[in-house]
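Asker: Just lifted these from Swiss-Prot, have a look:
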- Pro492, Thr494, Arg499, Ser668, Thr669, Glu719: L-glutamate binding site (BINDING)
- Cys75-Cys323: disulfide bond (DISULFID)
- Cys732-Cys787: disulfide bond (DISULFID)
- Asn63: N-linked glycosylation site (CARBOHYD)
- Asn249: N-linked glycosylation site (CARBOHYD)
- Asn257: N-linked glycosylation site (CARBOHYD)
- Asn363: N-linked glycosylation site (CARBOHYD)
- Asn401: N-linked glycosylation site (CARBOHYD)
- Asn406: N-linked glycosylation site (CARBOHYD)
- Cys603: S-palmitoyl cysteine (LIPID)
- Cys829: S-palmitoyl cysteine (LIPID)
- Ser645: phosphoserine (MOD_RES)
- Ser710: phosphoserine (MOD_RES)
- Ser849: phosphoserine (MOD_RES)
- Ser863: phosphoserine (MOD_RES)
- 1-18: signal peptide (SIGNAL)
- 19-536: topological domain 'Extracellular' (TOPO_DOM)
- 558-584: topological domain 'Cytoplasmic' (TOPO_DOM)
- 604-609: topological domain 'Cytoplasmic' (TOPO_DOM)
- 631-805: topological domain 'Extracellular' (TOPO_DOM)
- 827-906: topological domain 'Cytoplasmic' (TOPO_DOM)
- 537-557: transmembrane segment (TRANSMEM)
- 610-630: transmembrane segment (TRANSMEM)
- 806-826: transmembrane segment (TRANSMEM)
Amino acid sequence: MQHIFAFFCTGFLGAVVGANFPNNIQIGGLFPNQQSQEHAAFRFALSQLTEPPKLLPQIDIVNISDSFEMTYRFCSQFSKGVYAIFGFYERRTVNMLTSFCGALHVCFITPSFPVDTSNQFVLQLRPELQDALISIIDHYKWQKFVYIYDADRGLSVLQKVLDTAAEKNWQVTAVNILTTTEEGYRMLFQDLEKKKERLVVVDCESERLNAILGQIIKLEKNGIGYHYILANLGFMDIDLNKFKESGANVTGFQLVNYTDTIPAKIMQQWKNSDARDHTRVDWKRPKYTSALTYDGVKVMAEAFQSLRRQRIDISRRGNAGDCLANPAVPWGQGIDIQRALQQVRFEGLTGNVQFNEKGRRTNYTLHVIEMKHDGIRKIGYWNEDDKFVPAATDAQAGGDNSSVQNRTYIVTTILEDPYVMLKKNANQFEGNDRYEGYCVELAAEIAKHVGYSYRLEIVSDGKYGARDPDTKAWNGMVGELVYGRADVAVAPLTITLVREEVIDFSKPFMSLGISIMIKKPQKSKPGVFSFLDPLAYEIWMCIVFAYIGVSVVLFLVSRFSPYEWHSEEFEEGRDQTTSDQSNEFGIFNSLWFSLGAFMQQGCDISPRSLSGRIVGGVWWFFTLIIISSYTANLAAFLTVERMVSPIESAEDLAKQTEIAYGTLEAGSTKEFFRRSKIAVFEKMWTYMKSAEPSVFVRTTEEGMIRVRKSKGKYAYLLESTMNEYIEQRKPCDTMKVGGNLDSKGYGIATPKGSALRNPVNLAVLKLNEQGLLDKLKNKWWYDKGECGSGGGDSKDKTSALSLSNVAGVFYILIGGLGLAMLVALIEFCYKSRSESKRMKGFCLIPQQSINEAIRTSTLPRNSGAGASSGGSGENGRVVSHDFPKSMQSIPCMSHSSGMPLGATGL
């Protein structure tokens, strides 16, 4: 019964894990020769695979230069149900293969020469060489040289060289030796000798390259003064023994470094293999194409294992597909396999194996080798980021690095976001691949530049490193280095004096300082009259006084200046013997003129005198500056939501007790306050060490949580870089206030006297000069931020205007309208009451006398605004009718009293 139950459980688990995923994966193989080293490497790589699914090869031996045969074999394997095909091609067959792969969605993995294609279903294992070749030519400062090439490899490298030659004014003589005979070689080199061409680039495959070098030796063109650059990735695959004694200089590239740990281990396993197919391999010089073949098999294995873990159904059911169907029917699961292949990344025989979105190798390193009469030596390396790095840099970085490269170093670090973090699916990885973060990538770059293998180990106590005051023992990462448990510390480890006494630091890879983290306060709501905020209260008061003062001055100068008074124009029929002088700038008109100018609206009157115009001009200039300044500030004040921070600096913290503040329990920040002699920091340290409950926290995460839960009653002191990172993480409720309290840096630490000190130091300087350190910080701080482009980094956030921002403007409008209605009502009542009183006292005058008085009266020439109103006008004159003297003595009786009234009673 137990056996049945166990069998059932095993079957159920297998069905869950590998649901819809085949246990056996058919892969194709197209090889030009069954006895080739590449074929042996292919079979050996398959024999080393242990994890499911199992790769079953379908191998065909084919003439890779025959398009018809290649088409037949390709379609045959596709019809048999292969999931991917590994093989070689030549110039005559590459277009056919890429066309079929793109149409059918079948992935083709090849170690052949790279081609410029946008077909992502062709995975090119061989790195591109053109950029590295140009870097070497530029390093040697060649201006005139010969480029010998084989057209069978394509023309991409030659085209790149010619394009660069046009930019840099190089003189390049290109020679195609595809069909060159032995006599042709002789004539070629004789012609080059006549032209004194002794700088030559040879771009050929290894077999043809050996033949060309043989002709060079035979024609004795390998003496002193000749310099050959071999545009080939297998410098060690070529027989150069006869060049050692000749004096010629030969430079080339080596993709595989068989002295590295991984290649040496794999090569030893291959050499010791008992498989019969491997016995004919030349173990002294395995070719780089064989290493590419081995890595190609591993690429396929890694991709299918990834698909199996993700439970992606790629099984081929029913008809396997017709290769020659018209129109071609693409394989539905092909795109999933293509994506999985491009996402593979591992350290293989050829170094870092990684592909870009076009299926080409990326992030690879080429070793630059040179052979002179004194032997073969490495003169540097080339990669996509650094370009060519001469070996002189390596020598300065610690002399001979062979001792560095012959062991695996322990790199201690600490789990701290975003420096070192466990991946979400860390249980699916092993070793260094389980981690990600700024320091993880930095450690990889340092190891690549120095040239050593390493293993990341998280410090057991989770501390950076401090000395116990009682036992004098070091803990944390510093203790790991001091007591020999680690070789390097790559972490946010602050460079301090006490640490520098026991360990060595590199140059800082990041500059920072102690900063203050608080909980982000609530945004303050704008006041009703927030539109007045752009100018201070004192300025508004000064503007009011200036307005009144200008109006009074304008009134006075208008009264004193004779040019401000003017006569009214006479109307036709008016007696011109009388002359009325008027002045438009009474006190009310002066106030109205000043208000109109300040509001930039103007009015109907303007000063006539020079003094009045001076007053108006300076007032206009004053209002121009004030209004412009107000408008400039108004946009910022109305569209920015402001947060009122309870503290803005360390001084604010020190002089209050309501908000508690603390640091990490063991770290450089605590040591800074403990050792500081600055009064403010001494006061803060006195508070922190005596505060109850304790204000110190064990981890940065604990401090962050305490800030968030304290409701603004706790401030955490930490490095500015970590503060900025936390500010960018959800729930985006913390913020950095004030400037940094000090200035320091993070460094890579090594034990005292370590051989890694100088190499690591120079590597950090190089990464800084290349801008890689800034790129890494932007990647892990801001590109991966969760608080938007503004993030928590800004205390002010631009937003649209709300009604509360401009409510005061509407209140003033409503108030002004109400006041106008009230004043109009008062004016109406006052006028009605005045008219009523006047009418009651009006005397009765005979109609004939009144008519005669009206006919004989003299009217002013220009009634104007003041004349039409009667009584005293704004212009300072009195307008009245001039009745004849005969009418002035007419007696009249009041209706009320019957008393006689004179003309003056009117």
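Cβ atoms here come from the backbone N, Cα and C positions, even for glycine.
Because the structure is a prediction, the values reported are computed rather than measured.
Context for these features, please: burial, neighbours, distances.
Answerer: According to DSSP, Pro492 (L-glutamate binding site) sits in a coil region rather than a helix or strand.
In the three-state DSSP scheme, Cys323 (disulfide bond) falls into the coil class.
DSSP gives Cys732 (disulfide bond) a coil state; it is part of no helix or strand.
When secondary structure is read from DSSP and collapsed to three states, Asn63 (N-linked glycosylation site) falls in the coil class.
A strand conformation is recorded for Asn249 (N-linked glycosylation site) in the three-state DSSP classification. Under 8 Å, Cβ to Cβ, and six or more positions away along its own chain, Asn249 (N-linked glycosylation site) finds Tyr226, His227, Tyr228, Glu370, Met371, Lys372.
In the three-state DSSP classification, Asn257 (N-linked glycosylation site) falls within coil. The Cβ of Asn257 (N-linked glycosylation site) lies under 8 Å from the Cβ of Pro263, Gly351, His367, each of which sits 6+ residues away along the same chain.
Within 10 Å of the Cβ of Asn363 (N-linked glycosylation site) there are 16 other Cβ atoms, across all protein chains.
Secondary structure from DSSP puts Cys603 (S-palmitoyl cysteine) in coil. Its own atom aside, the Cβ of Cys603 (S-palmitoyl cysteine) has 13 Cβ atoms within 10 angstroms in the protein chains shown.
In the three-state DSSP reading, Cys829 (S-palmitoyl cysteine) counts as helix.
According to its DSSP assignment, Ser645 (phosphoserine) is coil. Around Ser645 (phosphoserine), taking its Cβ as the centre, 17 other Cβ atoms fall within 10 Å, counting all chains.
For the recorded site, Ser710 (phosphoserine), the DSSP three-state label reads coil.
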Asker: Would you report the average pLDDT that the model assigns to the topological domain 'Cytoplasmic' (604-609)?
Answerer: 78
Asker: At the level of the C-alpha atoms, what whole-angstrom distance separates Asn363 (N-linked glycosylation site) and Thr494 (L-glutamate binding site)?
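Answerer: Each residue's Cα considered, Asn363 (N-linked glycosylation site) and Thr494 (L-glutamate binding site) end up 30 Å apart.
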Asker: I need the nearest neighbour of Glu719 (L-glutamate binding site) among the recorded positions Cys323, Ser710, Cys732, Cys787, using C-alpha distances.
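Answerer: In terms of Cα distance, Glu719 (L-glutamate binding site) lies closest to Cys732.
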Asker: Could you tell me the C-alpha distance between Ser668 (L-glutamate binding site) and Cys75 (disulfide bond) in angstrom, no decimals?
Answerer: 67
Asker: Just to verify: the residue among Cys75, Cys323 with the fewest other Cβ atoms within 10 Å, which of the disulfide-bonded residues is it?
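Answerer: Per-residue Cβ counts within 10 Å for the disulfide-bonded residues Cys75, Cys323 bottom out at Cys75.
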Asker: Can you list, in sequence order, the residues of the same chain other than Pro492, Thr494, Arg499, Ser668, Thr669, Glu719 whose CB lies within 8 Å of the CB centroid of the L-glutamate site?
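Answerer: Going along the sequence, the neighbours come out as Tyr464, Leu493, Ile495, Thr496, Gly667, Lys744, Tyr746.
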Asker: For L-glutamate, with binders Pro492, Thr494, Arg499, Ser668, Thr669, Glu719, what's the maximum Cα separation in whole Å?
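Answerer: Output for L-glutamate binders Pro492, Thr494, Arg499, Ser668, Thr669, Glu719: max Cα distance 17 Å.
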Asker: How many Å lie between the Cα of Asn63 (N-linked glycosylation site) and the Cα of Cys323 (disulfide bond)?
Answerer: 20
Asker: Please name which of the disulfide-bonded residues listed here, Cys75, Cys323, Cys787, is nearest in space to Thr669 (L-glutamate binding site), Cα against Cα.
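Answerer: Given the candidates Cys75, Cys323, Cys787, the nearest one is Cys787.
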Asker: Should Glu719 (L-glutamate binding site) be counted as helix, strand, or coil on the basis of DSSP?
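Answerer: Glu719 (L-glutamate binding site) sits in a strand per DSSP.
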Asker: So of all those binding-site residues, Pro492, Thr494, Arg499, which one's Cα sits nearest to Cys75 (disulfide bond)?
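Answerer: If we rank Pro492, Thr494, Arg499 by Cα distance to Cys75 (disulfide bond), first place goes to Pro492.
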